[in-house]
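Asker: Let me begin by handing over the structure; questions about it come next.
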């Protein structure tokens, strides 16, 4: 039996490509419904992290409860769940969408549909959400709302004839959006008498309350004092507080089927309350969990080391604190001959890695060195044993390897048709396999490629943007593994292997990559008192060499005229000294060297 109250609840999220105005629209909705006054408003209210505001991106999911009074005096409860728009956080998006019945699709009237818009839109359609298209930025002179409406109808196949035309910046027609949500988004179905089922769509650590779980109650009710069980981990807790977000926390007595809110239950670690897990009652558990849960799988690995070795403990503490709030971050200790003690960290993708590094440097004031990112390679040894390699230094000897496999991703790139040539060339250079291309309209194309993940994690995105003057957009997802001919490229300085610079590269690229790195390091490594050979090697075979010349003191300065044999003696003596120095000398490697390894010249 659906209660009257339930019929007046709407759960929705906002999906959009980066920079199409998602967080600004959320701000306007909060303002229009009087949830926050103008005075409390602040740009991007739901993006609470400094980093989110600075980069203008949303990283964590957030939620807010809006009370909307229609003209017929009925009050509606609208639960807005803000989702991240970036491809690294795809799983977070899918969990937030699973907590909703509808989604507002924001499309920029000047840019039209982009890759991420499509990807998130298909995610929403998979969850059977009602999609409400909204066209934003119509106050700009270059807006073309009618064309964009046609695009939405042609590509996604949803009716956009009565899509509200709004400007989130100036607050134009915001009321139409609220009306559309009430009209089009279905109310939540779910019985209050059934056993409890609630979906965790985000969790966050609070120093006083422990872990705060953001939940959407699908069936049943939950109140303080209920003993709950988490279905993925099997752990049991007692609920200490339930409430809703007005974006701040507001305590209420309980949550019923269809509600979105938070619960706390003295949970100590975010890992115990994983995003996507199902909460049920310990006494009367649900028979099966809500579908779609999967643990977050790191795709990209990188070593993080403190610049000052003594700060190892502080770095560990920083990572543990970040992990409390970010279940997708994984790390384990490792040592490197060149860099000392540090951690091998796993991330969802490059943006995630970048954000974690920046947060370590910012929030914990630590100077860190990061090594080149790498992916998980599956190595099958000659004795049929299979191992996963995330760090090139752990790769077995060449003679022990039967074959290696690397992860492949499916990429869809949306670009203006003028840039198809350069972009196809870029994908070809990155060992991409062309699948197909479709014209969205006469001027825009979707290109589908399968590309090895390790070709994307360096600087594919930058290269894509520069080839298309910033117009192309990219979306990718992991497809599986494929067998490839790969070798380990080592860098030797002064005859010593620098383990932190090792990398796994495709065999046919080893020579050019080695050549590039040797030349790059020659520019970066400062000249020493002795000459330093830089060698790139595969196995025991050196494939490229550069030499950093020695600095020399003018030992003949005080000889004037003088006898040639005297000069010879001094020069020989200098040569001897340099030789001895080279045997005992060690070379300082500047931080840029580790970073420059990543930038491959196209």
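Yeah, the Cβs are placed from backbone N, Cα and C, and that goes for glycine too.
What Swiss-Prot shows for this protein is this:
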type	residues	note
BINDING	19, 20, 21, 22, 23, 24, 136, 137, 138, 139	GTP binding site
DOMAIN	7-189	domain 'tr-type G'
Asker: Would you mind checking how many other C-beta atoms are within 10 angstroms of the C-beta on residue 21 (GTP binding site)?
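Answerer: The Cβ of residue 21 (GTP binding site) has 23 Cβ neighbours within 10 Å.
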Asker: Which Cβ among the binding-site residues (23, 136) has the fewest C-beta neighbours inside 10 Å?
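Answerer: Ranked by other Cβ atoms within 10 Å, the binding-site residues 23, 136 bottom out at 23.
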Asker: Let's check the environment of residue 138 (GTP binding site): how many other CB atoms sit within 10 Å of its CB?
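Answerer: I count 19 other Cβ atoms within 10 Å of it.
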Asker: Where does residue 23 (GTP binding site) sit by DSSP, helix, strand or coil?
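Answerer: It is helical.
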